[in-house]
Amino acid sequence: MLSNHFENGMDMARLAWSRLPHSEDGELDGVGLLSTSSNRNGVESLDYEVIENYAYREEQAQRGKFFVGYNVAVKWFFALLIGIGTGLAAVFINISVENFAGWKFSLTFNIIQKSYLAGFLMYILINLALVFSSVYIITHFAPAAAGSGIPEIKGYLNGIDIPGILLFRTLIGKIFGSIGSVGGGLALGKEGPLVHTGACIASLLGQGGSTKYHLSSRWLQGFKSDRDRRDLVTCGCAAGVAAAFRAPVGGVLFALEEVTSWWRSQLMWRVFFTSAVVAVVVRVAMGWCKSGNCGHFGAGGFIIWDISDGQEDYSFEELLPMAVIGIIGGLLGALFNQLTIYVTRWRRNYLHKKGNRVKIYEACLISVLTSVISFGLPLLRNCSPCPDSDPGSEIECPRAPGADGNYVNFYCGKDKEYNDLATIFFNTQDDAIRNLFSAKTIHEFSAKSLLTFLVMFYTLAVVTFGTAVPAGQFVPGIMIGSTYGRLVGIFTVNHYKKLNIDEGTYALLGAASFLGGSMRMTVSLCVIMVEITNNLKLLPLIMLVLLISKAVGDVFNEGLYDEQARLRGIPLLESRPKYVMRKMTAREACGNQKVLSLPQVVKVADAVSILRSNKHNGFPVVDHTRDGEPLVIGLMLRSHLLVLLQSKIDFQHSPLPSHSRSGSGAIRHNFSEFAKPVSSKGISIDDIYLSSEDLEMYIDLAPFLNPSPYVVPEDMSLTKVYNLFRQLGLRHIFVVPRASRVIGVITRKDLLIEEESEDSATMELQSTSVRGQRHKTRLLEENGADAERPLLNGLLVQNQRYLKGSFVIVFRDNGRNYS
């Protein structure tokens with residue numbers, strides 16, 4: 001996209017943190033990294049715009065009110081299936097991870113009763129086996145399943161067709177790869193991959209399954225357009241967050257704030273319904289597991305860190321250390337983003353170019369390093385005596401390794417001692433976070449242990465991010481933030497000497513601040529933190545630290561997912577255009593490019609020559625008036641033209657039009673034939689065989705072109721063009737000369753059309769002001785039949801509400817209608 005060539009005016013701090021160029025030339029490395037150069041040639045846009053050609057209008061005319069109701073019912077049914085599928089996938093991943101982790105810690109604990117060295121070796125081997133299984137699946141079966149997948153899904157919902165991210169094998173790789181990488185104890189989480197998992201499930205349901213693996217059903221093939229698939233994928237993203245955090249409202253807000261670029265009220269209802277279904281499925285699964293049917297799966301299975309019994313109130317003096325937590329979160333979050341860029345760029349340019357074997361070696365080496373640190377560092381820490389037990393407290397001291405809870409007894413000489421570093425290191429991440437968040441456990445962790453864990457885990461998270469395994473950053477971010485948050489809480493307790501200050505509350509605020517400083521989410525993250533902690537009283541404090549951390553982080557760089565999307569060469573269109581676009585026009589943006597156009601009746605040989613000579617995805621179709629002046633009659637998509645060439649049923653011997661410019665006539669195609677499969681690039685010109693006789697034939701494009709593409713005048717500012725392009729989800733915009741005549745003005749009242757009778761199934765918006773039949777007749781008499789043509793205007797009128805314009809002017813220029 002053109003916007004990627006411009007840079008914002010950045011202050012000195014941003015420059016100091018972003019010295020490296022945003023992209024370098026390279027190839028697709030199997031882990032989702034694309035260079036800008038390869039991106040321009042290999043990544044295509046999606047056709048979110050409705051192509052209102054004659055085939056589409058004919059199909060819509062045959063559908064009545066029953067089909068409209070049926071279509072709405074099917075969308076809700078698909079939302080139900082997405083919720084159930086994502087919920088079951090999350091249950092399977094969580095049960096598997098908890099069982100692998102439980103068996104690992106139980107076996108290791110039993111061995112260390114006899115020999116710590118043997119237990120150490122067994123611990124390393126189990127983690128290594130799990131990580132090896134994960135990286136092997138990714139490198140040999142599903143390369144697109146590496147990473148969190150959120151930048152790729154964000155790009156898809158922004159209108160970018162990234163190959164391979166929604167395939168069936170990507171879904172399988174994401175599920176089983178997450179089990180291996182998270183169960184293997186790496187410094188990453190399963191929450192980001194669950195978002196990608198939900199998106200894959202939604203996309204596969206929308207296309208009826210996977211034809212390659214013979215897992216498809218024609219009964220589910222109800223949505224073939226990119227526009228409908230976009231809505232389904234949005235539901236899947238929200239379902240993934242709802243399943244990962246048991247936060248249905250947070251899932252809806254996450255989809256709205258972070259991943260999707262277009263939103264509407266109807267979609268909001270379906271997304272909310274999908275998240276609610278996920279919550280019910282997860283709740284039922286947890287109830288079923290309480291009877292002991294899920295092995296080691298227990299309270300730590302699904303993320304919910306209940307701190308409702310924590311700090312009841314806070315004083316004005318505490319706002320200062322809480323603000324400090326926000327500042328620390330912004331600084332460490334921005335540093336984390338920048339370090340991951342450096343490491344990922346180095347890994348791409350020097351390491352992953354050597355093949356899959358090196359990727360496997362790298363992941364295994366990081367697994368061994370993580371195991372050595374998590375097992376070895378607690379051995380160097382002296383144990384502490386257990387505190388006096390509270391008769392009403394359910395917290396026991398000590399607890400054996402492998403059992404979730406506080407005060408883990410690890411390499412201690414006495415029975416009533418615990419190792420505070422092992423409590424957070426030699427444990428699953430979910431249980432470690434629960435220990436850090438725990439209330440009424442003052443002085444459980446020493447400042448030295450927390451600082452040691454913070455430095456080591458922060459380093460491991462940076463190094464691990466970008467390896468060839470499914471990796472989420474939610475839980476590692478919470479781990480990092482809760483550690484320094486609890487550290488600040490210790491200093492606050494010692495300084496103010498107040499008994500009502502709880503260190504677990506500060507750990508929660510630290511977790512929120514780091515996620516805000518790294519991912520730059522506010523509303524959705526705030527709701528997620530409230531839902532997973534079950535403490536609404538802390539909402540104002542969470543909002544405070546999120547606002548501070550985001551403001552501090554924005555000084556240095558962008559959010560984690562935006563930075564990773566840029567690093568992968570994903571050309572996202574941000575919500576706001578660059579400042580320099582205000583000084584540019586649409587004509588300047590076009591440059592000196594040569595426009596390739598097609599006639600209404602094109603020779604097959606000429607069409608093949610044009611398709612082979614370039615990779616453009618849309619071509620203006622130009623005819624001529626009786627006076628010989630050129631007349632733009634619409635836009636022909638490359639994919640549609642390839643369908644016509646492959647079918648050959650529309651070939652004709654005569655070079656004369658067989659249809660009128662409006663496309664009326666017999667259509668031998670179903671509109672669904674032009675839909676591109678989501679799991680492939682569609683038809684290529686090299687896949688079509690044409691004989692010498694076929695090349696001498698002609699095709700009339702009138703019934704198949706889009707007669708009403710979007711157009712802008714050549715002197716329109718590029719800022720306006722950018723907003724139009726992004727807000728409407730376009731793929732092409734025509735730039736035309738300034739029109740000379742005004743044939744009508746559309747205002748708000750012209751768009752408030754009510755159906756005159758119940759028999760009218762649809763209501764088409766006209767290009768001229770709807771002020772009665774007399775006004776329409778007068779325009780037809782003055783301007784001829786061309787005033788009735790819907791060329792280049794209808795869609796702008798339909799989307800006036802999204803553009804927030806007060807009126808739309810419809811122009812006419814020498815037989816060419818522009819709006």
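Placed from the backbone N, Cα and C atoms, the Cβ positions cover glycine too.
Just so you know, TrEMBL annotations are computer predictions that nobody has curated.
Database features, via TrEMBL:
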- 584-651: domain 'CBS' (DOMAIN)
- 705-762: domain 'CBS' (DOMAIN)
- 72-95: transmembrane segment (TRANSMEM)
- 115-138: transmembrane segment (TRANSMEM)
- 232-255: transmembrane segment (TRANSMEM)
- 267-286: transmembrane segment (TRANSMEM)
- 319-340: transmembrane segment (TRANSMEM)
- 450-468: transmembrane segment (TRANSMEM)
- Item | Most Cβ pairs under 8 Å with the transmembrane segment (72-95), selected from 232-255, 267-286, 450-468 | 267-286
- Message: Within the domain 'CBS' (584-651), count helix residues (DSSP H, G, I), strand residues (E, B) and coil residues, in that order.
- Response: 25 helix, 21 strand, 22 coil
- The predicted model's mean pLDDT over the domain 'CBS' (705-762) is 81
- Query: Counting only residues 6+ away from its ends, which parts of the chain sit with a Cβ under 8 Å from the transmembrane segment (115-138)?
  - Reply: 31, 100, 104, 107-109, 145-146, 173, 176-181, 183-186, 359-360, 363-364, 366-368, 370-372, 375-376, 379, 411, 467-470
- Query: Near the transmembrane segment (319-340), which same-chain residues lie under 8 Å Cβ to Cβ, leaving out any that are not at least 6 residues past its ends?
  - Reply: 17-18, 458, 461-462, 465-466, 477, 480-481, 484-485, 488-489, 491-492, 506, 509-510, 512-519, 541, 544-553, 555-560, 563-564
- When the domain 'CBS' (705-762) is classified with DSSP, how many of its residues are helical, how many are strand and how many are coil? 15 helix, 15 strand, 28 coil
- Sequence-remote contacts (6 or more beyond its ends) of the transmembrane segment (450-468), Cβ cut-off under 8 Å? 30-31, 135, 138-139, 143, 146-147, 186-188, 332, 336, 339-340, 343-344, 347, 352, 356, 359-360, 362-363, 366, 369-370, 373, 377, 421, 424-425, 476-477, 479-480, 483-484, 486-487, 490
